[in-house]
Amino acid sequence: MPEPQKPEAEGDKAAAAPADTTENVPGEDPQLSEVSGIFVEKPQSVTATKGKDITFVAKVDSSNLLRKPTMKWLKGKWLDLGSKAGKHVQFKEVYDRNTKIYTYEMSIIKVVDGDAGGYRCEVTSKDKCDICTFEVSVQAVQEEQQDNILESFKRSGDAGEDAGDLDFSALLKKRQKKRKEVVVEEVDVWDILKEAKTCDYEKIAFEYGITDLRGMLSRLKKMKKKVEPKKSDAFLKKLDTAYSVEKGKRIHLTVELTDPNAPVKWLKNGQEIKPSAKYVFESVGNKRTLTINKCNLSDDAAYECVVGEEKSFTEVFVKEPPITITKLLDDVHTIEGEKVEFEVEVSEEGANVKWMKDGVELNRETAGSKYRFKKDGKKHTLVINEATKEDIGMYYVFTNGGESKAELEVEEKELQVLQNIADLTVKAAEQAVFKCEVSDEKVTGKWFMDGVEVQPTDRIKMTHIGRTHKLTIDEVKPSDAGDYTFVPDGYALTLSAKLNFLEIKIDYVPRQDPPKIHMNTSSSGDKNTIMVVAGNKLRFDVEITGEPLPTVCWMKGEELVSEGEGRVRVETEKTLSSFVIEGAEKEDEGCYSITVTNPAGEDKVELFVKIVDVPNPPENVTCTSVGEDFGMITWDPPAFDGGVPIKGYLMEKKKVASTRWTRINFDVYESTTYEAKKMIEGVLYEMRVFAVNGIGISQPSANSKPFMPIAPTSEPTRLMVDDVTDTTCALKWRPPERIGAGGIDGYIIEYCIEGSDQWVQANEEPVGKNQYRVKGLPVGEKMLFRVVAVNVAGRSPPATLSQSVTIREIMEQPKIRLPRHLRTKLIKLVGDKVNIVIPFQGKPRPVVTWFRDGILLEDKTVGTRTSDVDSILFIRSAERNHSGKYTLSVQVENMSDSGDIDIQVVEKPGPPIDVHVTDVWGFNAALEWKPPKDDGNCEIIGYSVQKADMKTKDWFTVLEHNRRPSCTVSDLVMGNEYTFRVFSENICGLSDISGISKNTATIAKTGLDYNRPPFKDKDVSHSPKFTAPLVNRIVVAGYSAAISCAVRGFPKPKIIWLKNNMIIGEDPKFLMQNYQGVLTLNIRRPGLFDGGKYSCRAVNDLGEDEVECKLEVRVAQEKGTETKN
C-alpha cells in the first residue's frame, strides 16, 4: 500500500517521541543515556525492510571491569526482549580472551511492522553501567528500480534483442504509482485519527504506514488535551489508555458512571467477560471495577466497558518476569565413551534456555547426533552421548534472568589386556596364528614385523572379531621369522611375540635318540604353570624330538585326554603336540602330564593349568556410620577372587531418587572400609562396590541399604535442677544449639550415684519436652544427672550437671505472693466473671484453705482450684452477695501464711426519691430530694439535674455531678413553666430511672402591666427545608464515622435515611439521631461495601426535602501501596 510522504514523516517523529518527555526512553538523544564509557561499539538506528533479517551488534570492553558484564536488550520503556527470545528474536554472546571484549548480537528474523520503535541496550557490571538507544523503522518491500531507463524498454517475443515490439508497460506502472502518491500526500492522517474511534486506530495506522502504535497514541493524547474533549453522557471517568501489570499480579480497571443504576458489560477482545474467580466485578455507588486476578500472558489484550451505546477502551500489557535458574549446573568428571548429562532447573515451566560450549552456541540444528536436548517441566538437560577428549571444556546455560556454568573433564579410558600374544615355533609350510584379546571391542590396531607394518596378502590375513585380534600366516617361510608386535590405536601399549622358524634336516645316517620334550612356559611366570582366562581358548604347543618318532600321551591326573575330538583334546602333527581347551572353564583347572616314549627311552613333564577370571562382586555392602556430609562404608571381599589376587575396589554412589550412579574413586582402593565424602545432609544415598583384579572389573555388588548423612545434634544446653523431693528430682534444659537436618526425636535422661560410672536410663522412650522428673531415687544419696538428645543419627554428646544433687526434700516455709492489683479492693460489676490466681510457695505441698469474712468458704457459686504452686478463685457470674473479704490460708506443718482479698460487686444506683421544688424567685428555682434507697452497693458520687419546658417537653441538662441532695436552677425564662428530674450517679454511671419533681416552677411576669391585645395564632407551618447539607466524606475502613445535616420545618418532619436509594431500616450498624433539628447518622466500623451515596429525606404534611452525599471507604495500606474501592 502506498505511504504518505509528509504525514508519514510527522507520524514517525511523533511515534519515536516518548509519552513522557521527562523520562529517558528510546527515541531521545542517545548521548543523554550514557552513564559511563563501557561500550566500544554501539548499535545504530536503521531502516529495515519488511520480511528481511536485521542484526544489531554491541561490543563491551571488560578489561577494567571486576565482573562479567550483564547485557539487557529492551524495547520501549520496559519490555525486556530476553523474555521474547525464540525464532523471531535471537541473541548471541562471544568473548575474545585476547582483547577481553564481549560481543553481543541481537537478530530480528523476518522483520514485521510491529518491530518498529525505540530500542535500548543496557550493560551493567557491579557499580558501572552504560546505556545506548537506537531506533528501528520498517518500510514495505519495494520493487527493484531500474537505474537505466533504457532497461524499461522491452521487446515482446523470444527471438532476440531485435525481435518483437517495444513494451513501455514498466514506465507506465511507475508513473501510475507516482500519481497515487501525490494524491495521498494531501491526506492528513492525524485529522482522520482525531475523528476516528479508538477501536479503528490499528486499522488506520496500518493503512497509512504508522508502525509505532504507542508513539501514535502518545501524540494523539497530547493533541486531544489541547481540544476540549467531548463530554460523555454515560461516563464521568473513563478507563485510561493503557495499563501495565506484572505476571501473576492483580489489576483493577475502574470507571465512574453518571447513572449509578446503569447496567455495565465488560469485554475482552470483543468477547463478553463472565464473573469468575479470575474476573471479579465490583459496584460501589457510581463506580464499576473489573479486577483481574493472577494475570498471565493470555490477559494481555484489549478491554472495553460498555454502558448502553457508549464504550470505554483500554489495553492491558502483562510484563513477564525474567526466568531465573533455581538449580545450577554441576561439574562432571567422566571417562571416554561414557554418557554425560548436564541438568539445570529454571523458575518457570516451558521456558527457553540456551546452551553454549566455550562461547559457541549448541542447538538442535548444529549439534547433530553428538548432543541431545531434553526438557521436562522446569528441568532442562544437555546429553552428550559418548564423551571424548574434544568435549572437554566449559559449558554454559543462559536464560533471560540468569546463567550457570560447569566444567567437563574427560579421562582417557585405560585399555586392559585380557590375553597376550605368545611366541610361536613353526615349520615350513605350516600355519602361524598370533592372537590377543583387549578389554574394548571398539579398539582397532596395527600389526608390525620387526618394526615394519604388516600388510595383508593372500597368505597373510588380519582379523578383528569383538575383543580378539588375530594375525594368520599361511605356509610359513623362513623370511616370516622375526618379532611381531600388535599396537592398539590411540593407546601407548604394545603386545609382542616372536615367530621361530623350525628347519627340518634329514640325516640319512640311521640313529636312535631318546625322546625329549621342549616346552616354553616363560610367559606364564611359573615355569610349569599355564594361566588362561575363563571362556578363552587355550592352545599349548609342545615340540617333541626323538628318533624314531616318539609316541605322545596327555593325562589329567589318571584320566587320559582324548586325541582329535572334544572340547579338551590333543592334536599331534609329527614333532608337535598341541594341547587344546575350547572355552576354558573352572573345571579344566588341574595338573596335566605329557609323556613321550620311543625305543631309545622316555620323557615326562608335568604342568598345572590355572583358569583365571574376573572376581565375583563384593558382598555385604553396608553403611556403618554417618556424619554431617559423609558415610562410612564397609564390605566383604568377593567369595571368589577369579584366581588372581584382588588389586582393589571401585565405589559408586547415587541418590535414592535418582538413577544416575557417580564414580567416587578412579584409582583402585585396597581396603574394605571407605569414608564416602561430599554428600548432602538429609538426602538418602545408596552405594555399590566393584572388585578389580589383574583380569578385569567384577559386576557391581548389590546396592547397600539406603542411608542418610546426618550428624547427631550438639549437647542440650542450660541443664539445671528445677525441684527435689525425697524420691524424685525435676530437671529442665534448653534445646541444642545445632540441630541439623535430622531434627530431634526426643531426649534420654540418665543418672548415677556420685563416684560410680554405672549410668541408668530414667525413661524408656525419648521424651519430647524440655523437662522431666526422675522418680524412684534413693533418699539421701548424691546423684549425678545427664541429658542426651536423640535423632536418626544417634545420640548427641551428653549435657551433665556440674555438681551432684542430694535427694532430700527441703522444708520451705509457706508464703503467699499476692499480686499487686489484688492488694487493693477488687471492684466488679454485677454479671462479670471473677477469676483470681494467687501464687504461693512451700514444701512439702501446703494445705490450702479459703475463708469468706472469717468463715470457711462453702458457697457453691464460688469455685476454687489448687495446684502445687497456685490457687484459683473463680465466680462465673458475680452477684452483689458475693462481695466481702476472702482469705487464702496455706499451711505446712506448724507454719502458715495468709492473704486477704476484698471483693466488691456493684451496679447502677436507684433513682432519687421525693424530688420537689421548694422555692421560686426571679428567674431561679430551688430543688430538694432524698438519696436513693439502692446505692448500687457503692457510694453515690453525685446527681445530674435536667429541666423541661412544659410546652416543648424537651429535656436539657442544667447540672452534672452535683454532690448535695439540693440545688438551685438559674436562668429560667420568664413566663414559662418548668418541671425537673434528677438522676443519681455512682462509679457504674447514672441510674437508669430518674426521680421527677412532684410540682412545677412557674416564672411569673412581675413589674409589667400590659393589656394584651387579642391573641391571634400565627401560622408557623412550613415544609421541611435543610439549612445545612450533607458533605462528601472519605473514611478509613474499620473506624466509626458519622455524617450530619440540619433541617427546619413545622409540623416536626419525619426523617428517613437512605443508602443508594434504599431505606436504612433498623440495622444495628447504623445509629440515627435527631437533636434539635440536627440530624446525625453514625456508621459503626464501616467496611468496603458501606461506601456509596447516602441521602436524608425530611417529610411532613406540607412537603418534603432531601440532601445527599458520597461516602468513600478506603482500606489502610502499608507504606507505598494504596487501594481504592
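The backbone N, Cα and C atoms fix where each Cβ goes, glycine too.
When TrEMBL is compared with the stretches 1-35, 141-175, 561-595, the one noted as region 'Disordered' is 1-35.
If you look at the domain 'Ig-like' (1024-1112) against the domain 'Ig-like' (229-324), you find at least three C-beta pairs under 8 angstroms, all six or more positions apart, and that counts as contact.
Here the domain 'Ig-like' (336-409) does not lie next to the domain 'Fibronectin type-III' (911-1006) in space: the count of CB pairs under 8 Å, restricted to residues six or more apart, is fewer than 3. Among the listed stretches 30-137, 229-324, 413-485, 911-1006, the one sharing the most Cβ pairs under 8 Å with the domain 'Ig-like' (814-902) is 911-1006. Residues in the domain 'Fibronectin type-III' (617-713) partition by DSSP class (helix H, G, I; strand E, B; coil) as 0 helix, 42 strand, 55 coil. The domain 'Ig-like' (229-324) is in contact with the domain 'Ig-like' (30-137), judged by 3+ CB-CB distances under 8 Å for residue pairs 6 or more apart in sequence. In terms of C-beta pairs under 8 Å, the stretch of 30-137, 413-485, 617-713, 715-810, 911-1006 lying closest in packing to the domain 'Ig-like' (515-606) is 413-485.
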